[in-house]
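K.L.:
What follows is a single structure, and I will ask about it in a moment.
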Amino acid sequence: MTTLGWGASWRIARRDLHAGFRGLRLLFVCLFLGVMTLAAIGSLTSAITGEISARGQMILGGDVEIAMTQRVMDARDQQAIARLGRMSETVRLRAMVHKGGGRAAPPLLTELKGVDDAYPLYGTLALQHGRYAPLAADHILISPALAERMAIGVGDVLRYGTADFTVAAIIADEPDRVGEGFTLGPVAIVSMDGLDRTGLIQPGSLYRAKYRLRLPAGADAQALRERLEKRYVEQGWEFKDRERAAPGINRFIENMGQFLSLIGLAALVIAGIGVSNGVASYLAIKRGALATFKVLGATSADIQRIYLLQIGVVAGLAILAGLVAGALSPPLLVWAAGDMLPVAPGFHLYPLPLATSAAYGLLIALIFTLPPLARARTEPVAAILRTLVDGRRRIDRRTLALVGWAIALLVAVVLLTARTPMFAAAMLGAIIATLLLLLAMGQGIKWLARRMPHARRPLLRLALANLHRPGAQTAALTVALGLALTLFVTLAAIQTSIQAEIGRTVPKQAPNLFILDMPAGAEAQFRALMARRVPAAKLNVVPILRGTVTGYSGKRVADLKEKPEGAWILRGERGVTYSATLPEGSEIVEGRWWPRDYVGPPLVSLDADQAKALDIWVGDRITVSILGREIEARVASLRKINWDTMGFNYVMVFSPSTLASAPHSLTATISLPDKRQEQAVTRALLATFPGASVIEVGQVISQVSGLLDQMSGAILAAASVTVLAGVAVLIGAIAAGRQSRSYDSVVLKLLGATRGQILGAQALEYGVLAGLLALVALLLGGAAAWYVVVQLFSFGWAPDWGVVLATLAGGAVLTLGIGLAGSIPLMSVRPTRALRQL
């Protein structure tokens, strides 16, 4: 038999498309939604990370940065470093600010930054009025937030430590603000001489010194950083270069982008079900043309080519439109996000996320298009002419093989483009497992509806019959809408549980105040002061130093090609302390604590989770650089730390004789019987210890809660696309069953049923389905959220069931409303017209 070539098939397909592609609109909408979401998420992630990389010099404040805590670089090292390029020195610390001039006002925790005359090496320190020039020793620049909270302006006086400063200007933009990381208060900037005047920098004080280099043109910053790391490996300094100016922010943005992309992929999979329904509906509309082609001698291969070309054109247009919309969306998203983003990226096209999104769209289109197309091309002419198309006809092996290859390619693309393949694989596995479980539940609903006793009420009996009738879309709707609602329930339960933990549980367990930078010998004076002011207060005082792990188990950290998974202890400096007794909130899980009067070789107790990540155990050795001196200690014990106490929980605790003689300061927590005592206690402490800093835990909790709300908003925005995709699937299911339902409507009318009764049957059907989907989503989403909250985050399980149930109710009402809206046009079908087509 002669077959049509691709050219002839294309001509036929093109002419058919000229008549309109009404049946392929659903395919277009579903693919467009999924591809647009993925392209938008990928483009925004690339835009932010690209902007951070492009502005690396400004964000870092130089080409290379050397940072250290509780010390400054000695003169000899400064001279050696300064020979490499132009150098700038800054020192940053947390400090309490008071209004000067005898004006009574509560002190405020701020971030005080001392800068030299070379600052900034890149960019401009912009002021609201005037231009920046090196500061006099008694002048200060303040951020708008500090001006607002202290109700001050230019010319007012502020006091830090023992020095008064006159506000010279208000900062409009700090060029290296993003590179400075998380802050607990508004920023103020003084000169290095001005910082010395405060008297806040004392031996053991918690401050961070940074030395930035501006290299000659053409110099390799990364190569220089690597060379300096090897040369000064024993100093415990931290090094950065302009290529990774803000690694923590980069890591967060990339991980968040990957998580949102996987949510977008789930939405695209849901949309794929809509694609399948759309193709099936389109082929049902074209059954007359299908029969004509077959009667005229067209082969199954000819049929497949013609309609594959038509579907491919529409799918290609949908993917292209989705890519364009996704590529154009970052500026709109940046505008909507406002100050939430670390940088405001400009508009650029990013080929990799667009190519990845196009690949996802193409593969999903193939996976969900080939099965209905295979059924249509193998359908006998007689069945087509009698409109008895059997959706259960088996798919040929060749089509199954193609679908299998497309699925394998989809998984490969996900894993190859993932920042962390293991996380992506786990998420993908969870999505696939959920889809299979929902599919099984959908089949179970059909099985249960088929075997339920016949209801006495005709409308209810008809509604239940519609759930398991031939061609019913119950399983597809269970998968699509079930996954969307499950995702929303999961996110709602996680968000409200974490908010409850932060808003209710944490404040009950956390102390009221954290005190930083008390002198090392001031513990007795501090306890006596608190005994006079608030005898019932609970106090915890510990020494604090900063240290960098430089080696463990005979390995040098600088020589590691890749740091162990989960070993965040190796990322820069960590807080360390010493103690004669086991700290509160810790439990020994291996080894023993040293005696109270122990004097001997250095011992250390490690967090058990970090020890496992490093694969070190009791008896092994670890080397830590503290204040430029390397200390090798034997691991005496491993501890399980209860981080929920919000107290001082240190990963590394040394034996007292190891660090007691090192310059350090004291930190303390204060738990008050009455929160209203916080201001009075703060004033008394600062009057006694003017160099100390006081952190109100309530303000920190508010900041963290705000950040979580912002992240939750971004995740919910991405997840909302899954609901839109589920709605598209529901619309497709209504379209796919329109023909058979129109016959049902006609028959019921002939038997005397009213429009209200027919709509009532439809309402019962979609109401039963909506209720079952809500129950499925509640079970699956609740289980998933419980696992994340309790097992991964170790938080208490306290979701706001009102929010969760409102989410479910919204989904159920949406399902019912769209189902009924799709049924209304069937009421106007004339019996003579419908019967004529039988």
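Cβ atoms are placed via backbone N, Cα and C, with glycine included.
Pasting the relevant annotations from TrEMBL:
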{"type": "DOMAIN", "residues": "31-230", "note": "domain 'MacB-like periplasmic core'"}
{"type": "DOMAIN", "residues": "262-380", "note": "domain 'ABC3 transporter permease C-terminal'"}
{"type": "DOMAIN", "residues": "718-828", "note": "domain 'ABC3 transporter permease C-terminal'"}
{"type": "TRANSMEM", "residues": "24-48", "note": "transmembrane segment"}
{"type": "TRANSMEM", "residues": "259-285", "note": "transmembrane segment"}
{"type": "TRANSMEM", "residues": "306-328", "note": "transmembrane segment"}
{"type": "TRANSMEM", "residues": "348-370", "note": "transmembrane segment"}
{"type": "TRANSMEM", "residues": "400-418", "note": "transmembrane segment"}
{"type": "TRANSMEM", "residues": "424-449", "note": "transmembrane segment"}
{"type": "TRANSMEM", "residues": "470-494", "note": "transmembrane segment"}
{"type": "TRANSMEM", "residues": "714-736", "note": "transmembrane segment"}
{"type": "TRANSMEM", "residues": "766-789", "note": "transmembrane segment"}
{"type": "TRANSMEM", "residues": "801-827", "note": "transmembrane segment"}
K.L.:
What stretch in 24-48, 259-285, 348-370, 424-449 has the biggest tally of Cβ pairs under 8 Å against the transmembrane segment (766-789)?
P.N.:
424-449
K.L.:
Just to be sure I understand, if DSSP states are collapsed into helix, strand and coil, how many residues of the domain 'ABC3 transporter permease C-terminal' (262-380) fall in each?
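P.N.:
Helix (H, G, I), strand (E, B), coil: 101 helix, 0 strand, 18 coil.
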K.L.:
Counting Cβ pairs under 8 Å that sit 6 or more residues apart, are there three or more between the transmembrane segment (470-494) and the transmembrane segment (400-418)?
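P.N.:
Contact between the transmembrane segment (470-494) and the transmembrane segment (400-418): absent.
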K.L.:
Determine which residues of the chain contact the transmembrane segment (424-449) at the Cβ level, with the cut-off under 8 Å and only residues 6 or more beyond its ends counted.
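P.N.:
For the transmembrane segment (424-449), the far contacts come to 258-259, 262, 265-266, 269, 411, 414-415, 418, 464-465, 467-468, 472, 474-479, 482-483, 486, 769, 772, 776, 780, 784.
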